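J.: Pasting a structure here, questions to come.
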Amino acid sequence: MRIALLILPCLLCAEECNEDVALLQALQPGKPTETLNVTTPDPHDAQSVMGVRGNSVGDEKAFLSGLTTNVLMIVGVAFAFGMLRRFYPLVYSYNSLSELIPERVRPTETLCGWLWVGSKAETDDALIEAVGLDSVLMLDFISLCIQILMRVGVVGCCVLTPLHLFFGWGGPDVPSLSRLGMSNVIISHPWLYYVHGLFVAYVCWVVKSAVYTAQEGFLERRFKWLKRLPHPRSRTVMVEGIPEAFKSDEKVREFFGKALSLDVVEEVHLVKKTKHLEYLVSVRQKLADAKQQAEFQFEKEGERPTHHHVEVGKVPKKVDSIEFYAEEVKDTENSISEEYNKIMSAEGTANCDNAFVTFKTRKACEMAKELDFSSDADAWVISEPPALDMVRWSELRADNSTEMASELVGYACVFGLYAAFVPVCLSITNVANSIHMGVLQPLWASLAPTMGLTIFLSFLPTVLLLVIDNFYQLRSSSRAQEMLLQWYFWFQVIFVLLVTAVGNNFLAFCEDVAKSPFSVPHLLANQLPNATHFYMSYLVVQWSTHMINLLRYVNLAKFLGLRAIYPEEEAKKKAEPEDQDYYGFGSRSARWSINLLIGIVFGTLNPTIPLLALINFLICRVVYGYLIVVAETKKPDLGGNFWVMNLQL
């Protein structure tokens with residue numbers, strides 16, 4: 001949201017500066033007075049604007065071709081989904097079949113019965129209990145986007161569109177799609193820039209008021225969520241950076257007793273050095289899975305499965321699979337018990353510098369979160385504990401002394417990704433623009449550049465998470481998703497929103513901005529208006545990508561493959577959840593935020609763009625209203641962290 005509020009005034013101020021320059025040049029001595037009648041620059045002069053094809057005559061055919069294709073694709077996918085959810089209800093309607101969600105949001109069995117789930121998914125305690133507050137807030141964020149774009153788009157189309165069309169004086173050379181936007185307004189227009197100034201102020205007010213109102217509603221839900229937190233999580237904190245002298249349960253208990261009050265701590269659990277123990281547990285899990293698979297095979301075929309077991313230095317022998325794996329599981333459990341006793345008897349030598357501390361009262365827990373216990377920023381760091389299944393135990397055991405160096409390498413990798421991805425992304429659009437497809441050229445011009453950019457950027461979350469997982473000690477998966485949200489959002493700001501301003505050389509762009517920071521508004525104003533047609537097609541392509549996500553084709557493929565080995569219920573469990581790189585909270589939030597910013601920022605340049613973005617989020621409400629509520633498994637709940645980050649960005 002802050003990005004939109006920063007860019008909008010920049011565009012307006014820079015356009016006014018261009019107007020002043022034109023007037024000054026026209027009034028110079030020796031210049032004929034008729035140069036005051038400055039016309040709009042010919043859009044044909046730059047068929048490619050910094051890697052993105054500029055506005056040109058004939059784009060309306062490409063846009064209509066893309067619009068028609070995407071609408072037909074949406075209809076086709078909707079029909080296919082209506083059939084698939086009948087054949088594979090475990091994949092597409094599990095929460096409804098298991099009665100995990102309120103009855104009012106359960107879809108009917110008709111072909112189109114799923115369409116209304118999103119509109120019925122109103123925020124209440126029952127829905128929050130069923131899918132989690134974070135998931136419900138994702139739907140609320142979509143509703144917030146719809147509200148903002150509705151207010152911006154309707155006013156823009158009713159006020160700016162007729163003014164651009166009839167009073168912009170752009171001339172006959174302006175492309176048809178641009179006649180509705182800023183491109184049809186001549187430089188030095190006597191009064192229309194003032195109208196745009198008022199509209200920019202209106203957009204800023206709409207965004208700010210909508211965000212503040214939505215945040216008030218969120219705070220009520222947040223307080224309720226905090227009150228409902230179960231024990232012991234509600235009275236537990238995660239402590240990082242425990243000094244060497246305090247690495248024992250008794251010392252940590254004594255420290256908080258002196259800092260707060262005596263007998264305030266209920267339990268202390270220091271993280272142990274359990275690398276070998278975790279290895280044994282993973283081995284036991286693999287053996288248990290193999291035993292379970294053999295049992296399922298026996299139930300299915302009626303004959304006990306066998307396999308050849310190979311021991312070092314001995315002849316392979318044929319063994320009963322069920323009995324063999326049962327014995328192996330038992331032996332591994334004995335090894336686990338021995339290793340556990342060994343760790344517990346090691347006392348302080350097995351303790352790490354991180355711990356989970358549970359207090360006897362909620363008051364003491366909240367006091368501990370607010371206090372600074374040391375002048376060293378890395379010692380006695382108190383934070384909210386993540387959900388147990390999101391804790392990254394290997395990172396909690398890691399040595400903090402190497403954390404800073406590892407993070408520096410991570411930042412270098414991210415900057416390298418910025419520098420490397422810009423030319424690649426721009427090359428995709430350049431190659432797509434350079435290919436001529438004959439009769440299919442309008443369709444190609446609409447879909448190829450935007451679809452290529454969309455597909456390429458869809459791999460970026462996986463790359464970013466690889467960097468995050470390998471170079472940052474984040475203690476929990478939730479922190480990784482939060483970092484992914486920030487980085488992926490800024491990547492899209494550069495690659496999607498500001499790709500026309502960045503140009504073909506990211507390093508040169510950074511150098512120019514460093515030399516003259518105040519040139520950024522002029523750069524934005526000169527480049528962004530020339531690419532409105534590209535973003536119109538880009539938003540239309542997003543419609544069909546959301547619908548394709550509805551098919552859950554990856555989960556379906558896993559389910560069909562596992563169903564040949566396991567019963568359907570077990571195959572369903574092993575096929576979940578969906579890939580959290582692309583479909584997780586962080587990645588989804590970043591993509592939705594950038595689509596909203598496109599609608600807001602380019603809404604002053606072409607008032608039809610907010611309406612296209614509005615349709616995008618209406619489709620999102622239908623698609624993700626169904627997926628989150630009916631199909632996807634419940635995720636660990638942070639109580640609104642991603643909502644707050646979305647509004648901050």
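Positions of Cβ are set from backbone N, Cα and C atoms, glycine also.
In case it's useful when we look at the structure, here is the feature table from TrEMBL:
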type: DOMAIN; residues: 62-207; note: domain 'CSC1/OSCA1-like N-terminal transmembrane'
type: DOMAIN; residues: 234-394; note: domain 'CSC1/OSCA1-like cytosolic'
type: DOMAIN; residues: 439-647; note: domain 'CSC1/OSCA1-like 7TM region'
type: TRANSMEM; residues: 62-84; note: transmembrane segment
type: TRANSMEM; residues: 148-171; note: transmembrane segment
type: TRANSMEM; residues: 191-214; note: transmembrane segment
type: TRANSMEM; residues: 408-431; note: transmembrane segment
type: TRANSMEM; residues: 443-467; note: transmembrane segment
type: TRANSMEM; residues: 487-509; note: transmembrane segment
type: TRANSMEM; residues: 534-554; note: transmembrane segment
type: TRANSMEM; residues: 596-619; note: transmembrane segment
J.: When you scan the chain for residues with a C-beta under 8 Å from the transmembrane segment (596-619), skipping those not six or more beyond its ends, what do you find?
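T.: Residues packing against the transmembrane segment (596-619) from afar: 3-4, 7-8, 11-12, 74, 142, 145-146, 148-150, 152-153, 156-157, 160-161, 164, 177-178, 180-183, 196, 199-200, 203, 207, 493, 496-497, 528-529, 532, 535-536, 538-540, 542-543, 546-547.
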J.: Same-chain Cβ contacts of the transmembrane segment (443-467) under 8 Å, 6 or more residues past its ends?
T.: 52-53, 59, 62-63, 65-67, 69, 410, 413-414, 417, 421, 424-425, 428-429, 431-433, 435, 437, 480, 484, 487-488, 491-492, 495-496, 534, 537-538, 540-542, 545, 581-582, 584, 586-587
J.: What does DSSP give as the helix, strand and coil breakdown of the domain 'CSC1/OSCA1-like N-terminal transmembrane' (62-207)?
T.: 111 helix, 0 strand, 35 coil
J.: Which whole-number mean pLDDT does the model give the domain 'CSC1/OSCA1-like cytosolic' (234-394)?
T.: 87
